[in-house]
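*Asks:* The structure that follows is given in the form of structure tokens.
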């Protein structure tokens, strides 16, 4: 029997035993595992898979009562299938430790999307966003904020695309691709380091792309309708209150008009944060009340969760608890002022927002459901297009970033593409996403690949210079001079020289040299600041000769010369400083110095130093 078959047989036996006795112990699992699996994380993964099959794994054998809760299942076919799956996973785990291969393996389990699948996911994303917008519309102040932002950009000369991204109309048809231009992308940064695509990128930059944002006329109609309905809703709320049927109908009509408006992420997140902020304040006070009741007053948690909902701002609720006959009534009475203080903060929140506590929770619940729906759909779209990122990232290897870093940056661009994808344009998602992925990768290379960061605009200039330099090399058969490059690029010569200097890549001094790699680049570079051994030896000999000559003078004369010329000292000294040291006048020091120098000039003493002077 082969090793793999024997391994599968042992795993089958393990699973069958687990199904028969209703459990397994860690010791039994360990005995049946292959010897090459020793990593704790791998063992945990296998135990998790066994648990997923309905077999509990315990430290030791459980008692009989616990076993009665589990039903034994001895299906032979199921045991064989589970053993085969477990063996395959174990083999895979044992072999693969490379993160790239593990990533590729996980990526390969997701099927590619068809055009219909992309549209279906895009519609689910839009539906989730519509639900969020519909919930947000019921929160006071959100619609007014967006209307004020729209008024600001239209009256102060701002860009409509700073507020509005588009519209989400489920009934709109899909435009044929021929009727549309390719999806707009900020291509100024998408061409930073791709020599083969420089010309195309620069052509795109030269044609200053007109902003293809929302149509101002349609935006005026939509926001005008929302503003009119907002005014009607405000009057109905003021006249009848939020619980009146007419007011509810007007609010639903406002939400229907507000839902199709697709805001830019910054504005959308701002509205969501408004709702979350109110809910966070609400939760904070609810937690404080629960701690007072459950932790401090020893009220059973189940009792609190049953009685508190609906009584968040009812101060008589604590009176009833305090006057009750429960064990915790006395403690509640003692803590009643603190509980009422928290309830008053909740009441202030209701007054501030104009909503009841239950309404704030309901708005947040509907908003969270819509966000979760959109998030799940976006996750599906991203996972189904990870292969596209790999195919694009492969073209940018060996440019200063690791392959996994390129994949990561490309995935960030892919997520941006999912956020901005408009299936109604008629293009497949891959056509649209390619530009965003390439933009993210090239921008990251420009920002991160070099040890010394160079701005993106300078990277573009360097790439253009390199391309023109190669063209001129082919035309002339030699490297062009800076003057010739400046003439071709219509740039001053000094700027060309500056760009050429900036374009140089730094290299490590520890770069190995030679086949054996036993020496480094730094070993071959001259250190101009280092003194040669001969100079060092000469200086040391001069010091010794000077000390020997000075030893032939009197102690006073030698010290005066040492201080005046800074010999064996940090610095030299003036006549006045030396005079203070000896407590004599500066004239006397000058005389001592002159006498000492005359002695040193005598041939018997000066011959020791004259050889150094000749050198």
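Every residue, even glycine, has its Cβ placed from backbone N, Cα and C.
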*Asks:* Between the candidate ranges 575-594, 595-614, where does Swiss-Prot place the DNA-binding region annotation?
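*Replies:* Of the candidate stretches, Swiss-Prot labels 575-594 as DNA-binding region.
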*Asks:* Under Swiss-Prot, the annotation region 'Disordered' belongs to which of these stretches: 115-165, 166-216, 217-267?
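*Replies:* Of 115-165, 166-216, 217-267, Swiss-Prot gives region 'Disordered' for 166-216.
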*Asks:* Who are the chain neighbours of the motif 'Interaction with polymerase core subunit RpoC' (405-408) in space, where the CB to CB distance is under 8 Å and they lie at least 6 residues beyond its ends?
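*Replies:* For the motif 'Interaction with polymerase core subunit RpoC' (405-408), the far contacts come to 103, 389-390, 393, 396-397, 441, 444-445, 448.
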*Asks:* If I take every residue in the region 'Sigma-70 factor domain-3' (460-536) and average their pLDDT values, what number comes out?
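*Replies:* That stretch averages a pLDDT of 86.
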*Asks:* Could you put numbers on the helix, strand and coil content of the motif 'Interaction with polymerase core subunit RpoC' (405-408), residue by residue per DSSP?
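*Replies:* Taking the motif 'Interaction with polymerase core subunit RpoC' (405-408) as a whole: 4 helix, 0 strand, 0 coil.
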